[in-house]
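Student: Pulled the feature table from TrEMBL, pasting it below:
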type    : residues              : note
BINDING : C29, C219, H244, E248 : Zn(2+) binding site
MOTIF   : 31-41                 : motif ''HIGH' region'
MOTIF   : 275-279               : motif ''KMSKS' region'
BINDING : K278                  : ATP binding site
DOMAIN  : 355-417               : domain 'Cysteinyl-tRNA synthetase class Ia DALR'
Amino acid sequence: MTLRLYDTKAGALRDFVPLRDGEVGMYVCGPTVQSSPHIGHLRSALVYDQLRRWLSYRGLDVTLVRNVTDIDDKILVNAAAGQAEGGSEEWWALAYRFELEFTDSYRAIGVQPPTYEPRATASIPQMQELIQRLIDAGHAYAAADGSGDVYFDVKSWPSYGELTRQSIDNMEAAADADPRAKRDPRDFALWKGRKEDEPPSAAFPSPWGDGRPGWHIECSAMSRRYLGPQFDIHGGGLDLRFPHHENELAQSTAAGDAFANYWVHNGLVNVNGQKMSKSLGNSVYAADLLGAARPLVVRYYLGSAHYRSTIDFHDGSLSEAEAALDRIAGFFERVERRLSGTRFAGHGVEIVPEAFAEAMDDDLAVPQALAVLHDTVRSGNAALDAEDLEAAATARGHVLAMTEVLGINPLSPQWRTGGSSVAESALGELIERLLADRQAARAARDFAAADRIRDELAAAGITIEDTPTGSHWSIGS
Ligand SMILES: Nc1ncnc2c1ncn2[C@@H]1O[C@H](COP(=O)(O)OP(=O)(O)OP(=O)(O)O)[C@@H](O)[C@H]1O
Ligand SMILES: [Zn+2]
């Protein structure tokens, strides 16, 4: 069976046929690094990680591009707010700080790094070139008010609205500029002239005056730069269909690029029926959830729903994921123990069962694929009960392959407790030994020795906290 994907633009499932045999180019809208990541952002990255892993398992060579929007109104506003409160962080430092948080959170849940991760500020010439092509083709114009803004002329592009199947007359006005400067209220900004209160470092020279790119043009230019004028899959959250993706599509096609062949959108993480969003203040931050639950559990939870469905986050959401993972880990432990030393140890080809492949090929039906995984765990356990070691070994190979494809193999080194490595557990052991020495020194009232141990640990970046239940340590302050 060939992979079928739901293409938002067609409004239907379509067989996936890559533009170039054996290769897939995929562009996913990445974060605007204005504040810390919430679990909606994690879900979005995770969905495309699952798709990428499945395409790779199917033998395709995937080039995944996920951008970082590192210049934007919200980044400038947040940096200015910090400065108004006496801080000195520049907008670009703030953007980089949050970019690192995103990278850490993605890594924690096992999202593989994209092939390329371009920052918007590094592709300004490509954005300007695209804007110039649009002006030359009569689809964009410089604002009449001398602001230095450049707008896309929606009325000049009859297919505007084709992605979301809207007629232009029913569309909302673009909220990004003074309506008086535009030919039509729905015209949206391609280039934003620098405003007086904006830092000079956020303005780039251009033929239309100093300024910065609009958000939509960034993705049109970066996808073209890294994947070419036509590529296979464009992804992003459902919230981006309009106006962001509609505008990307209009810009790129009006400039003569064929652009994305399939439009894939992930469903949102909601809280009480509303999108989890920084602006609504209902965010569950990635760092908080990852501090409260094992990263593997978070990955399983966010990745177990169908990618197009909505996830409603509430307390207790993670317990099912925890139990499911325990069942998988329990089977692995049991089967390894029973097979070790027998001729079936290491036996069992690591290949996914046909039913799993069919589910994944059916618009990435992960819930059905997980059902196959859990059925296989059950039959593997039953085989062990019946002492059918060959069947148990086959089940082991299947389960291994399925958990690898989904990135949820509990035995993978990535998931060792606390995300730790062999080096980290060795470090833990040494610190515990030093803490025991310190305790012994205190008991002997040798406070100088006890303090020396604490200071040496502190110099190595390890903080000690004494509590009534004993001394606890952490790395960093
Ligand atoms: N609640 C959510 N559920 C699923 N995906 C989301 C959610 N919020 C954002 N995304 C997706 O994460 C990616 C990065 O998003 P971006 O930084 O543009 O977030 P945003 O929509 O501005 O977030 P917020 O609404 O919290 O400000 C996009 O593909 C976006 O669609
Ligand atoms: Zn985008």
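In case you wondered, yes, glycine gets a Cβ from its N, Cα and C as well.
Would you situate these features in the structure and describe their surroundings?
Tutor: In three-state terms derived from DSSP, C29 (Zn(2+) binding site) belongs to neither a helical nor a strand segment and is classed as coil. Long-range Cβ proximity for C29 (Zn(2+) binding site), meaning a same-chain Cβ under 8 A and a gap of 6 or more residues, is found for R66, N67, C219, G235, G236, G237, L240, H244, H245.
Outside the motif ''HIGH' region' (31-41), and at least 6 residues removed from its termini, the chain residues within Cβ reach (under 8 Å) are 68-70, 72, 74-75, 78, 94-96, 98-99, 101-102, 105, 215, 237, 268-269, 275-278, 283-287, 289, 298, 302, 313.
Sequence-distant contacts of the motif ''KMSKS' region' (275-279), counting only residues of its own chain at least 6 positions beyond either end whose CB sits under 8 Å from a CB of the stretch, comprise 34-35, 38-40, 239, 268-269, 313.
Counting only residues at least six positions away in the same chain, the Cβ atoms of Q34, S35, H38 sit under 8 Å from the Cβ of K278 (ATP binding site). According to DSSP, K278 (ATP binding site) sits within a helical segment.
Taking the domain 'Cysteinyl-tRNA synthetase class Ia DALR' (355-417) as a whole, pLDDT averages 96 in the prediction.
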Student: So which of the binding-site residues C29, C219, K278 sit close to ligand 2, that is, with a CB under 6 Å from an atom of it?
Tutor: C29, C219
Student: Hey, what's the Cβ neighbour count for E248 (Zn(2+) binding site) at 10 Å?
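Tutor: There are 27 such Cβ atoms around E248 (Zn(2+) binding site).
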Student: Using a 10 Å cut-off, grab the number of neighbouring Cβ atoms around the Cβ of C219 (Zn(2+) binding site), all chains included.
Tutor: 27
Student: Would you list the other residues of this chain near Zn(2+) - those whose C-beta lies within 8 angstroms of the C-beta centroid of C29, C219, H244, E248 - in sequence order?
Tutor: W215, H216, E218, S220, H234, G236, L240, H245, N247
Student: Please list the binding-site residues from C219, H244, E248, K278 whose Cβ falls under 6 Å of any atom in ligand 1.
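Tutor: Only K278 qualify.
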